[in-house]
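Novice: Below you will find the structure I want to go over with you.
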Amino acid sequence: WCLFSAFAKKPKTQEAEEGSSVVFTAETEKPDAKVKWQCNSKDIASGNRYVIAADGNKHSLSIQAITKEDATVYAVIAGGSKVKFELKVVSKPDGQPPDTRQDLTGLFTERPQSGEVTVGGNITFVAKVNAESLLKKPTIKWFKGKWMDLASKSGKHLQLKETYDRNSKVYTFEMQVIAAKANFAGGYRCEVSSRDKFDSCNFELTVHGELDRNIFVFHSVICSFVQDSGELDFSALLKKSSSEPDVDVWDILSAAPASEYQKIAFQYGITDLRGMLKRLKKMKKEEKKSEAFLKKLDPAYQVTKGHKIKLAIEVANPDVDVKWLKNGQEIHPTGRLEMREEMETIHLSPTRHARKLFMFLTCLRVIFSGKLHRYCHIYIIKNIKCYRPSSRYIFESVGNMRYLTINHCSLSDDAAYSCVVGEEKCTTELFVKEPPIQIVKNLEDQMVMKGERVELECEVSEEGANVKWEKDGVELTRDESFKYRFKKDGCKHVLIINEATKEDCGHYKVKTNGGESVAELLVQEKELEVYQSIADLTVKAKDQAVFKCEVSDENVRGTWYKNGVEVKSDTRINITHIGRIHKLTIDEVKPEDEGDYTFVPDGHAFNLSAKLNFLVNLYLNNFSLSCLPVFLEVKIDYVPRQDPPKIHLDCMGRTAESTIVVVAGNKLRLDVPITGDPAPTVIWTKGEKIVLDRIIFDQGDGRVHVETTKGHCVFTIEGAERQDEGVYSVVVRNPAGEDTADINVKVVDVPDPPLAVRVVSVGEESCIVQWDPPLYDGGQPIIGYVLERKKKKSYRWMRLNFDPYPETTYEAKRMIEGVAYEMRVYAVNGIGMSRHSLSSHPFVPVAPTSEPIGLCVDDISDTCISLKWRRPERIGSAELEGYGVEYCKEGTDEWLPATEGLTDRTALTIRGLTTGDKLQFRVRAHNMAGPSAPATLAQPVTIREIMQRPKIWLPRNLRQTLIRKVGDTVNLVIPFQGKPRPQVTWSKEGEPLKPPFASVRNSEVDTILFIRKTDRQHSGKYDLQVQIENVEDTASVMLQVVDLPGPPEALKIMDVWGFNVALEWKPPKDNGNCEISGYTIQKADKKTMEWFTVYEQYRRTNCVVSDLIMGNEYVFRVYAINLVGLSQDPCNTKDSLILIPSPASIAYKPPSHKDHDFSEAPKFTHPLVNRSVIAGYNATLSCSVRGIPKPKVTWYKNKMDISNEAKYRMLSKQGVLTLEIRKPCLFDGGVYTCKAVNASGEDIVECKLEVRQEAEA
């Protein structure tokens, strides 16, 4: 039996604006049915605001001037049917525009939107992803269509960019289309993924044609139309459009690809897209077999730029001609266009040479109108365009095969290609993949002086490639001052900086779509060189004194000083600066001009000094001349007396003040004044070596010479060396006596190179270098050191300091993290700079990672604690070596390591702690640069286990009967909670489980019930108990082990008539521990014994087998079927059946039987189930009942009839009874009873409903 509704059309829930009106309509099955309308279970009568109308079986309820109070539940009642519906009231808009923002789901915070662009224009699509909750940087992919990845298409027309905002932690991804083409239009897809998270969105790009050109053509057509007809008459156009034949849209859709369905539906006004797709699916689309092609082109091809590709087809007729098209334009077997400078005149007659004339004009692409004269003179002028064969396109024909080979594919070859044979055409699409541009030669670090020209050069793998230059992360462009110039020379790319300044220092980077290279530029101030220094002057009175010097920079100015006082120009003193030469001229020198003169260049910390000496004149009066005074210079010669030899030296002795210092490599010249009469002989000695007059002192290379002249003895060493250092003695003798003097000579040199250069520590962009002083300081104290560095793979060294650094430890900065460097050091003393030291071992600047994030306590007990954290946000270029975990007691600063060494996991359990201690914990990440900043817990943790009630979390699939086949494995994992560790007990029907029967494994968080091979005896109820002291929690699992059923029993032939036989059997004794779902009946002819199935999944235990052949002998058998399958053995008939043709057997005899009483007392086939619900959420109670005639159903709560209560809704459909309780409260709990009554009897079923309060968050 079934329950029918009294309504043919039910009212539906509606939404209306405040102040408007709404109409609810309903249709009843019977036109004379009585209809009643209700609002909140109260009847509604017609009045000012409610209008109730009825027209036959159509009924309506109108509500006027809707207010907020009208938003409630309404109902319409007809007979025994009641239908509820709602009215939703929305407020009037207050002038604000509606919120059209797209719902943000998944990973995207901003999705790329569809856009439009004209041919040649630019458009950018933007997608944003919030990475605050992501553990890994998101990966994004851009696609065109379904499968074409746009990452390989990045280049001239497509650029992909990515930026990251550290403050908002938002990644911004951009896809920029540059100089759009018509074939760029279509559907695009953006996909973003991060580990187990994924999101995607689709958008469209529409490319319009050139608007200005279309307007111009349309304007020309209109003007010509007006000139011909004088006025615009669009009626002709309307007639023409109306006379066009109707188009069958379904023929177009059946032949179109699936990607064009939406476009065609929009064009022809189809709005039901789902219905259209269903109809297309039902239509059998028969693919027409091609008559011209045996093998067509593949749907798409892909080739790398610069390579070649071969397109092949197979035609049915080997003699047929084919045409190849590119974007609809025919590809001619011609090559590049050339200019030929010739002058020819051809005389052609239209009648005699019509064919040649037509072919000639076609080849030259000549288009003209009018009539040909009898003779046509065609002049081929200079620079005629003609085509010469090229190897770009190669056409081949081999038997039935036709080939098109495209050599040296470029981006212009990315197009749609078609092959046309007669009226048939096959099309494919060729995608040209642009290979990534690699940097073959990297940039080199450079150090230049201020004002010099800088050229940073790199070399890429392909000519004409686009590169991007950056300085300290900022892209460089051609500015108005032309400071930066970019030069391309084949594969070489050069960045040129004219007149470098200090602001140009920094890291320069060149980027391609396949790599990048970084170099550092250092700009130093120029050192001013002195080409000519000023010299000491000795001048006479009234003479001119000129001080002159020359420096390297002609733009440098300077100041002259006399005895520290600035010299000013006047009538007698003149200061000039011409080019690199600076002069100070003093006319008519006076005694007061004598002094020390100094020239100081502006902006440089050094000066040039010289001395002006005034020569004194003697004034004598020459009385033989006129009375005017005459100035005479008188020279007085001193004639010594005869005396013993004498050495006149101021530097005798071995004190530091009397030591003569000479720089190694320079000439040592000792000029010793001597006196004596007669002239003495001179002997030079150094140690045991003696040098006589004019005899070489060192016989090795002739570097030492001794020369004696009148009054002087000169000792010379060419190119002094270290071994020349020592005490030299000079002895002079004559008959009157002798004299001796010692001269201490010290040879100074540049120092030896520093020793043991080593890098003691590194940072993100710096390192600390140490070295040992040189063994030999060159005889002069070490002023300082100069350092240089270079990249490991480079040959160019860069100086780090220009002023000597006095210490032996230096911090080098401004290095690139992750790049290997080498260091070397020079020692500097007062003489000069030493040779460079040996290079240090290569090192890589790295920085410690950022601190680990998300440190928290995962678990805690009386003696141990479990911590967990996440990887640092910034790892850097060095690999993460592990994590160090430390702890300390509250009130102390002594941090103790929790483990020996580092751990590579992001979780750690620390054991062996003292119960009750209050400890603070921290975690630091380690790499080759050292430990990171620590991540510390917000507050100390007390080591003590926290009591937690036992709770079993029974999985959803175990809350219903678990069915397994015999021989299957059962592995039940049931998690639970509780602290301390609870005691777990498994039992089956009150008996504890033993290992041979089932295995149980318990852990701290779950328990496992394992049965290796199930049997029928394993079926039953399994109880799980989790207990901590006196608190426990239990759960039950029902296990049903099923097997194949046994064979049916007592298969008999009950009756035979005509071509039919009636069979009957009994169900099997063994149903396999589950319900018998049906039977399979088979028949077989005894001659062949081939079995044929008559019925499958037959539910009854009797059947009629028809369509038997008269005269044949048959046997029958029956299989039983359950959830597992067919029974292993069938039940066969004992005797065979032979159909004997006889009129009596063919004649139908109606059976005689008594009328069957179909009445049946009500019986609940599915009872009510006890339920526990949350207050405020709708609840339903369901059961099923059968009975003939249809029983009357009554619901009770606590034995009280609730049929007329508005809070309850009773539903009945096909014997399924449902009681809906709307938003129950705590008072709705109790015992609910369902009673079914008919003439044959009654039945009752009841359940208990528990309503609990919603738990607070």
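Placed from the backbone N, Cα and C atoms, the Cβ positions cover glycine too.
Keep in mind it's a predicted model, so treat the numbers as computed, not measured.
Okay, so TrEMBL annotates it like this:
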| type | residues | note |
| --- | --- | --- |
| DOMAIN | 98-206 | domain 'Ig-like' |
| DOMAIN | 291-421 | domain 'Ig-like' |
| DOMAIN | 435-574 | domain 'Ig-like' |
| DOMAIN | 645-744 | domain 'Ig-like' |
| DOMAIN | 753-849 | domain 'Fibronectin type-III' |
| DOMAIN | 851-946 | domain 'Fibronectin type-III' |
| DOMAIN | 950-1038 | domain 'Ig-like' |
| DOMAIN | 1047-1143 | domain 'Fibronectin type-III' |
| DOMAIN | 1162-1250 | domain 'Ig-like' |
Novice: Write out how many residues of the domain 'Fibronectin type-III' (753-849) are helix, how many strand and how many coil, based on DSSP.
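Specialist: The domain 'Fibronectin type-III' (753-849) comes out at 0 helix, 42 strand, 55 coil.
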Novice: Tally of helix, strand and coil residues over the domain 'Fibronectin type-III' (851-946) according to DSSP?
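Specialist: Split into helix, strand and coil, the domain 'Fibronectin type-III' (851-946) gives 0 helix, 45 strand, 51 coil.
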Novice: To what whole number does the mean pLDDT across the domain 'Ig-like' (950-1038) round?
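Specialist: Mean pLDDT for the domain 'Ig-like' (950-1038): 90.
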Novice: Using DSSP, how many residues in the domain 'Fibronectin type-III' (1047-1143) fall into helix, strand and coil?
Specialist: 1 helix, 50 strand, 46 coil
Novice: Using DSSP, what's the helix, strand and coil tally for the domain 'Ig-like' (435-574)?
Specialist: 3 helix, 72 strand, 65 coil
Novice: Sort the residues of the domain 'Ig-like' (950-1038) into helix, strand and coil with DSSP and give the three counts.
Specialist: 6 helix, 52 strand, 31 coil
